[in-house]
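Peer 1: Please see the structure below; I have some questions.
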Amino acid sequence: MEWGSQSAAVRRLRVGVERRGSPAAPGQEGREASEQGPLLGSPRDWARKGGDGGRAAGSGLSEARAAVALLLYLLGLRLLVQLSLRQLVLPASSGPRPEFSALRARNYLEHITSIGPRTTGSLENEVLTVNYLLEQIKLIKAESSSIHKISVDVQRPTGSFSIDFLGGFTSYYDNITNVVVKLEPRNGAQHAVLSNCHFDSVANSPGASDDAVSCSVMLEILRVLSTSSEALQHAVIFLFNGAEENVLQASHGFITQHPWANLIRAFINLEAAGVGGKELVFQTGPENPWLVQAYVLAAKHPFASVVAQEVFQSGIIPSDTDFRIYRDFGSIPGIDLAFIENGYIYHTRYDTSDRILTDSIQRAGDNILAVLKYLATSDRLASSFEYRHGNMVFFDVLGLFVIAYPARVGSIINYMVVVAVALYLGKKFLKPKQKVANYTKDFFCGLGITLISWFTSLVTVLIIAVFISLIGQSLSWYNHFYVSVCLYGTAAVAKITLVHTLAKRFYYVHTSEHYLGEVFFDISLFVHCGSLLLLTSQGLCSAFISAIWVVFPLLTKLLINKEFKENGAKGRFILIYLLGMFIPYLYALYLIWAVFEMFTPILGRSGSEIPPDVVLASILALCTMILSSYFISFIYLAKNTKVTIFALASVCAVTLLLVCSGIFFPYSADPANPKPKRVFLQHLTRTFHGLDGNIVKRDSGIWINGFDYTGMSHITPHIPEINDTIRAPCEEAAPLCGFPWYLPVHFLIRKNWYLPAPEVSPGNPSRFRLISKEQTPSESVKLTFEVTGPSHMSFYVRTHEGSTLSRWSLGNGTPITSKGGDYFVFYSHGLQASPWQFWIDVQCTQLHSANTARGDRGPLLLGDYTVIRPILKRFFFWGSGHGAFRPAGSTAVASVAWRAAAVASRASALLSSGADSLVRNLACWLKGFRLDLLFCDVT
């Protein structure tokens, strides 16, 4: 038994000694053990198992004890993370009441959202909301202290710019609205800090979190600061912008045209990617580490991460904020904050004020007020350009406090950690082979096995994800996130466990469990150290995560090494080991929560081209690799893992069968926790002209787009007309396939449907005409156009072969193409606007035949609501629980109604009642732009 507990390398060493007839001298074993050090020990130490000849410590770790301990450990850490996230406001110490009143801010919020959806160009946005803001600002001004001065300006800018967002396009705006308030000392100020929100919303949503709550918070902060007896050193400018949902137009109008913009030295942007919860600092800078320090010192309830910053700025998340405009067009550093919880109802009718907790408003107000006050009284604001150096590593610890330090300091710390690991492992690698039991070979073989286990686990979950996608059961976890864990998480863990179990049984035959536990711990340490070195060399501040995953395990290993050698993998060892891993695992789960909180809802609106199950399975596999890394050694310490593998495989298999049966319906209209499906409908008439001006094609229909990978699969069985036979064909000769894209997202949504319908009869039709054509000295052709129509229009340009679009009157004068090579221009205007005139300069290098065909169309038109209403009535309700469809006339859904919200030229009103109450949440711009059904409810 003692012989069997030693490694094969030890046996080979002993046989070699016996053959040479040179038995070890007395005391040699002790010297060898001493030379090898306390971290590894001699092979004989691993075989020496106490007084019973080796069975006391060599009996192995109990599988049941290890599995239960790890499960309870991870569940306990998850509970701690959940408690920290639910703690929105830290308990207040004895002292004065908070300056910021969440109740007063909520009152502002409810008044703004009661106006209804506030789209740019609508009466609700341009008049009703603006008047309410001005009325409240007037009341605040009347109550302000005499040591402050408040100035108010309503700006109506017109301008144009190009942006590389969504593949690149150009934006033009005319007569949009900004409400700007400047709070400054009575004698004025030369420098200012900006606070920005937007009061407009998408067409189908009251926009409580995006972004009415931020504007409400800013109103209350303005009241608190203006009534304070504490004098400000610098001005605070509050920008309530009215055209952010039009792709950041109002902020551009302010920062490039308003006279107060020259005073601004820093800004705070308030946004939302979800509804309520904690507001996350997810962008800072660029550079200017003093801004991070200001947040660290001032924020009362911090929630910030440089990881979020680097993920967001990588472009993985298809979104952008006004932060980009102030950074790129104003060269101003700032802080970007956003609510991230419950993104399922972002940009839907469910984004209502009652879903935002008062504590969420309180924490946001406390934080922003404190940071603004700090900046407005800081000496650094006036000379902020002097502090523009380097980046900052910053992260909060469970919302209690923020750790922040310069990135260059972080790099030094990281390289020191790498050196420490190199010394730890180098001491083992550099010993003579016969004294370390062929450690080097076992180490690199184990590294290969670990990498193979991770790779095969990834392949396994991807195979399952592809299979699920092919059978039409994508997003089965969208309304039941635990399904993804039971399906992909268990598969990944089972695969990793299986590979290592096979290696233990067939490769490491008769090798000491303790020796293998030591080796695989070192392998995990080496992998995380390699990750640390790679991230640091790439200049990523997120490398601090890898540093945490190296420092604490290494310290734990040094602490428990003696306990491990003397008593083996007993309960005391497990307890100390898990306590030592507490910080890296707790923080990892904290970050993993944020990842899934942000990405899971996004996968429900990421288009038809990205299989969401493949993305989610990959993320879960990566998380499994990280979380399992320091527990792989337990597989080798345990007596057996058969029960664990069987249990994991069984859970995965049962979940797979249930998913294939369709029992997990993706969507829900549970009022407490809705998970809606998003569908986009447009009623349009298309006209295609040849180069001679004659019409070559004309049709009308309802253009249908699903925002997620499932398309119309859940709708076709109950609306047979919407099926694959009416899949929208691409007009190859026309820009963007000849369809009216609101924004250039055609590369994300390639699956769409075109249902024939009567022609459009819009209330405010668009008119597009050529007003001049002239030859320029550079032998190009300058074409000038004039356009009138609704508040939102799109204009596409595709040049013929041999021609180029050299200049135009938009943006900075240089045309930029979107994905696919076409030129895309997005236009919007406020309540009133003059005709839009612009010119393009076409450089012709070849002559073209006069009969060359061209695909062309005017801006998007919208027809009567009555044309689409019959179809919308047939979007049936989906039953609760298993997600079965129920017919509209059944009593099972008699108490649930679909409603239509209309954003008309005058006001918002409910269009449907009685029999028409089968249609819900239809957002419709009757004044002539678009009709969209953003989701179909499920109850």
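Glycine too: its Cβ is placed from the backbone N, Cα and C atoms.
Annotations per TrEMBL:
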- 14-58: region 'Disordered' (REGION)
- 178-371: domain 'Peptidase M28' (DOMAIN)
- 412-430: transmembrane segment (TRANSMEM)
- 439-660: domain 'Endoplasmic reticulum metallopeptidase 1/1-A TM' (DOMAIN)
- 442-468: transmembrane segment (TRANSMEM)
- 480-503: transmembrane segment (TRANSMEM)
- 515-536: transmembrane segment (TRANSMEM)
- 542-560: transmembrane segment (TRANSMEM)
- 572-596: transmembrane segment (TRANSMEM)
- 616-638: transmembrane segment (TRANSMEM)
- 645-667: transmembrane segment (TRANSMEM)
- 674-850: domain 'Endoplasmic reticulum metallopeptidase 1-like C-terminal' (DOMAIN)
Peer 1: Let me check one thing: do the transmembrane segment (442-468) and the transmembrane segment (616-638) come into contact, meaning three or more Cβ pairs under 8 Å with sequence separation of at least 6?
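Peer 2: Counting Cβ pairs under 8 Å, at least 3, so yes.
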Peer 1: Between 412-430, 480-503, 542-560, 616-638, who has the most Cβ pairs under 8 Å to the transmembrane segment (515-536)?
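Peer 2: Ranked by Cβ pairs under 8 Å, first place goes to 542-560.
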Peer 1: Residue list, the transmembrane segment (480-503) vs rest of chain: Cβ under 8 Å, 6 or more residues beyond ends.
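Peer 2: For the transmembrane segment (480-503), the far contacts come to 446, 449-450, 452-454, 456-458, 460-461, 464-465, 468, 520, 596, 600, 616-617, 620-621, 623-625, 628, 632, 635-636, 641-642, 644-645, 648-649, 651-652, 655-656, 658-659, 664.
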Peer 1: Calculate the per-residue pLDDT averaged over the domain 'Endoplasmic reticulum metallopeptidase 1/1-A TM' (439-660) and state the result as an integer.
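Peer 2: Mean pLDDT, the domain 'Endoplasmic reticulum metallopeptidase 1/1-A TM' (439-660): 92.
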